[in-house]
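> So TrEMBL has the following annotated:
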{"type": "TRANSMEM", "residues": "7-24", "note": "transmembrane segment"}
{"type": "TRANSMEM", "residues": "30-50", "note": "transmembrane segment"}
{"type": "TRANSMEM", "residues": "62-85", "note": "transmembrane segment"}
{"type": "REGION", "residues": "103-137", "note": "region 'Disordered'"}
{"type": "COMPBIAS", "residues": "104-113", "note": "compositional bias 'Low complexity'"}
Amino acid sequence: MPATLDPNLAVGAILFVLGAIGVLTRRNLILIMLSAEMMLNGVALTLVTFSQMHGNNRGQIFTVFVLTVAACEAGLGLSLILALYHRTKTLDVNLWASIREPDISAPAPDAPSLTPPTDIRDYPRLTPSGGMPDLDGAERTLLADKNETRQTSLPA
């Protein structure tokens, strides 16, 4: 292995690690996107270095695809960030709880709750083919009334 390839691998690894640290520690979404781009550039540099080390151009060809995907990701990600910024007027990731589903409450950031939820909902279940659904009394009479009117309206 030539001595000139070791610094390239080291720079690629440093770029990837610094990008990963940025993704995990930043709160500003634009800085998170820049850190992800730095990770992709570290991977691209490593691919080119290994391609040169082995004497073929497959790593360089794959790097072109990686950089193309990175450009698409940057364009799409920045357009989503712009739309979210117009909605919330902030780029702080932690303050974007308003895009959460309306009936799901935000988790408490202080301490995790180990108690089971008290409001357990009984969601309807699909019945097997040919069976009657499991309904409560009011829904059962409603269904029976509809079936009687349907049967009486048919010609004999």
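For all residues, glycine too, the Cβ spot is worked out from N, Cα and C.
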> Which bits of the chain, at least 6 residues beyond where the transmembrane segment (62-85) starts or stops, bring a Cβ under 8 A of a Cβ in it?
29-30, 33, 36-37, 40-41, 43-44, 47-48, 51, 91, 96, 99
> Six or more residues out from either end of the transmembrane segment (30-50), which same-chain residues have a Cβ under 8 Å from its Cβ atoms?
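For the transmembrane segment (30-50), the sequence-distant neighbours (Cβ-Cβ under 8 Å, at least 6 residues beyond its ends) are 5, 8-9, 11-23, 59-60, 62-63, 66-67, 69-70, 73-74, 77-78, 81, 91, 93.
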